[in-house]
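According to TrEMBL, the protein has these features:
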- 115-132: transmembrane segment (TRANSMEM)
- 152-170: transmembrane segment (TRANSMEM)
- 182-202: transmembrane segment (TRANSMEM)
- 234-260: transmembrane segment (TRANSMEM)
- 272-294: transmembrane segment (TRANSMEM)
- 314-333: transmembrane segment (TRANSMEM)
- 366-384: transmembrane segment (TRANSMEM)
- 404-423: transmembrane segment (TRANSMEM)
- 435-457: transmembrane segment (TRANSMEM)
- 463-481: transmembrane segment (TRANSMEM)
- 536-563: transmembrane segment (TRANSMEM)
C-alpha cells in the first residue's frame with residue numbers, strides 16, 4: 001500500500017505542475033537544484049530514462065514520506081517520497097541526440113565568428129570617431145576669422161537641420177534598399193568625403209572660402225555676429241564638422257548597433273556587449289596617440305610648409321583605410337556567418353509626437369526627474385566645454401599645437417573611462433544607485449567651480465600659479481581638461497547605466513512611453529539647450545568671455561537642480577525596487593503545489609499545500625524539509 005501511495009502522490013504532483021508522467025517505479029536520484037548550478041550533477045538521462053519537456057531533465061528531491069492514517073498523513077521511519085523537479089540542462093553539455101558544437105576558450109566558434117568581427121568593426125568606428133572629433137574642433141576653432149563662439153551656432157543652425165534631413169533620407173532609403181545595400185550607401189559617402197577633404201577641399205580652402213564677403217558683412221553687423229558669419233567664412237570646415245558629428249550618431253548608433261542587434265542573440269548580447277564598451281575606450285587611447293603623432297609632424301618640417309595640411313592628409317588617410325576595413329568586415333560577416341532565427345511577429349512600438357511626449361513627461365514625477373537628469377547633463381557639459389575650448393585656442397593658437405593637446409586629451413579620457421568602468425560595479429554594489437547617480441553631477445560641479453574660478457579670479461592667483469610654472473590661462477586649460485575628462489568618464493561608466501537602470505522597476509507602459517518621451521524631447525533639448533543659452537549670452541554681452549560669469553551662475557543652478565532630481569529619483573527608485581521585491585516574495589508564498597493523499601476508499605484526494613519547488617535558492621532548502629500536514 002505504501003508503494004502505491006508513493007507512486008500516486010508523485011503522479012499527482014507532476015500532473016499538477018504540468019511537467020510529465022513518472023515511470024511506474026521511479027528510482028532514487030540525487031537532487032538537481034535549478035537555482036544552484038554548482039550543485040548540478042554531470043548526469044544526463046538517456047533513452048532508457050524519461051526526458052522532460054523542451055530539454056528539461058528529470059530528477060527527484062528526497063523529502064520525508066508519509067503513510068495514510070485515519071487522522072491524515074504522518075512521517076514514518078526512513079520511508080521517502082520523491083518530489084519531482086524540472087532542472088534545466090544548463091551545464092553546457094549537449095542533450096541526448098544533440099552534437100557538441102566546437103568551442104574555443106569556452107565560446108562556440110559560430111559565436112566567435114560574429115563577436116570578433118563586430119569588435120573589430122566597433123574599434124575601427126570609434127578609432128575614426130576620435131580622430132574626426134578632435135580634428136573638427138581644431139578646424140573650426142583655430143581657423144582665421146573664427147573662434148569657439150562658432151560652435152553653439154553650428155550645433156543649432158547647421159548640425160541639427162542636417163541631422164534631421166539625413167534621418168528623413170535614411171528612412172526613405174530603408175524602404176527601397178535591402179539592408180546590405182543600405183549599409184554601403186550610407187557609409188561610403190562618409191569615407192569618400194573625408195578622403196576628399198584631406199586631399200582636395202582643405203588645400204583649396206583659400207580659394208573656395210568667401211573671406212572678403214564675410215569681412216564686409218562683419219563690418220556692417222558688428223563683432224557680436226562673428227560666430228554666425230564664421231559659418232559662411234569657413235563653410236567647408238563647418239561641413240567637415242557636421243559630417244564628423246554625423247559619423248558618431250549615424251555610423252555608430254544606426255549602422256553598427258543596428259547590424260549588431262541583427263546578427264546576435266539576446267544571450268550573446270548580454271555576454272559580449274559590455275566588452276564593446278571596454279574596447280571603445282582602448283580605441284580612444286590608441287587614436288589619441290595617433291592624433292598626437294601626426295600633430296607633431298610640423299616640428300620636423302622645414303619653414304614655409306603647411307604642417308597642418310600634412311598632418312590632415314595623414315589622419316584622413318587612416319580614416320579612409322579604417323572605413324574600408326569596416327566595409328570588408330561587414331561583407332565578411334554577411335558572407336560567412338549565419339543569421340540567428342527571429343520571430344516573425346513584430347512588436348508594435350509606441351509612436352509619440354513632441355506634444356504627446358511633453359504631456360507624458362509632465363504627468364509623471366518619476367519621468368520628470370529622469371528627464372531632468374538627461375537635460376541637465378546635456379546643458380552642463382555644453383556650457384563648460386565651449387568655454388574651455390575658447391581658452392584652449394588662446395593657449396594653443398596653432399592648429400598643430402591644438403590638435404596635439406586634443407590627442408593627449410582623448411588618450412586621458414580613454415584611460416579614465418576604462419578605469420571608471422572597472423570601478424563602476426564596485427560603486428553600485430557598495431554604495432547603491434543613489435550614490436552612483438550623484439557622482440557625475442558632483443564631479444561636474446566641483447571641476448566646473450574650479451574652472452570658472454580660474455577664469456574670473458585668475459589674476460590675483462597669478463603669482464601663486466607662477467611658482468608652479470603656470471599662468472592663469474594655462475591653469476584654466478588644464479582644469480577645464482580635467483573637468484571634461486572626469487565628467488565624460490563618469491557619464492559613460494555611471495550616468496548612462498544609472499539612467500537605463502531607472503527604467504527597470506517601472507511598469508511596462510510607463511517604461512516604454514517614458515523612454516520614448518525622453519528620446520524624443522530630452523536628448524535634443526539637452527544638446528541644444530546649452531548652445532541656445534550661449535548664443536543668447538554672446539549676442540547680449542558681445543562675446544563668450546564677457547558672458548563667462550553668467551554662464552558659471554547658470555551652470556551652478558542647473559547642477560544643483562540635477563542633484564536634487566537625482567536624490568528624488570533615488571527615493572522613488574528604491575521604493576519601487578522594494579515594492580517589486582515584496583511582490584516577488586508574495587508570489588513565491590502564494591504559489592503552492594497541491595499534494596494528494598490516499599483516502600480510505602483507495603482514491604486520491606487533495607491534501608495540504610507545499611511551497612513551490614522552483615522557489616528562490618534561499619528558500620529551496622527550508623522548503624524541501626517542510627512536513628506535510630493534513
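Our numbering is plain: 1 for the first residue shown, then up by one each step along the chain.
Backbone N, Cα and C define each Cβ position, glycine as well.
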Spell out yes or no: are there three or more C-beta pairs under 8 angstroms between the transmembrane segment (115-132) and the transmembrane segment (272-294), with each pair 6 or more apart in sequence?
yes
As a test: from 152-170, 314-333, 366-384, 435-457, 463-481, pick the stretch that has the greatest number of Cβ pairs under 8 Å with the transmembrane segment (182-202).
314-333
Same-chain Cβ contacts of the transmembrane segment (435-457) under 8 Å, 6 or more residues past its ends?
373, 376-377, 380-381, 384, 387-388, 391, 424, 427-428, 472, 475-476, 479-480, 482-483, 486-487, 490-491, 494-495, 497-498, 548-549, 551-552, 555-556, 559-560, 562-563, 566-567, 569-570
Of 366-384, 404-423, 536-563, whichever stretch has the most CB pairs under 8 A to the transmembrane segment (272-294):
404-423
